[in-house]
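Per Swiss-Prot, the feature disulfide bond maps to Cys7-Cys28, Cys13-Cys33, Cys17-Cys35; the stated evidence is similarity to another entry. The feature site 'Basic residue of the functional dyad' is assigned by Swiss-Prot to Lys27. The annotation site 'Aromatic residue of the functional dyad' is assigned in Swiss-Prot to Tyr36.
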Amino acid sequence: VFIDVSCSVSKECWAPCKAAVGTDRGKCMGKKCRCYX
């Protein structure tokens, strides 16, 4: 799932992903965070 968090590196997504989907597995794709669920 993409969340509305801009990023330049994947580690910037880990905390927002943890908050959004309950897991810190995420990647930065196209300047946006993608969380896996």
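Backbone N, Cα and C define each Cβ position, glycine as well.
Locations of recorded Swiss-Prot features on the structure.
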| residue | record | CB count, 10 Å |
| --- | --- | --- |
| Cys7 | disulfide bond | 20 |
| Cys13 | disulfide bond | 24 |
| Cys17 | disulfide bond | 24 |
| Lys27 | site 'Basic residue of the functional dyad' | 16 |
| Cys28 | disulfide bond | 17 |
| Cys33 | disulfide bond | 24 |
| Cys35 | disulfide bond | 22 |
| Tyr36 | site 'Aromatic residue of the functional dyad' | 11 |
Quick note, Cys28 (disulfide bond) and Cys13 (disulfide bond): C-alpha atoms separated, nearest Å, by 7
Per DSSP (three-state), Tyr36 (site 'Aromatic residue of the functional dyad') is coil
Cys17 (disulfide bond) and Cys7 (disulfide bond), compared by Cα position, are separated in whole Å by 12
Here the Cα-Cα span from Tyr36 (site 'Aromatic residue of the functional dyad') to Lys27 (site 'Basic residue of the functional dyad'), rounded to a whole number of angstrom, reaches 8
For Cys7 (disulfide bond), the three-state DSSP class is coil
Taking only the CA atoms, the spacing between Cys13 (disulfide bond) and Lys27 (site 'Basic residue of the functional dyad'), expressed in whole angstrom, is 6
Here the Cα-Cα span from Lys27 (site 'Basic residue of the functional dyad') to Cys33 (disulfide bond), rounded to a whole number of angstrom, reaches 6
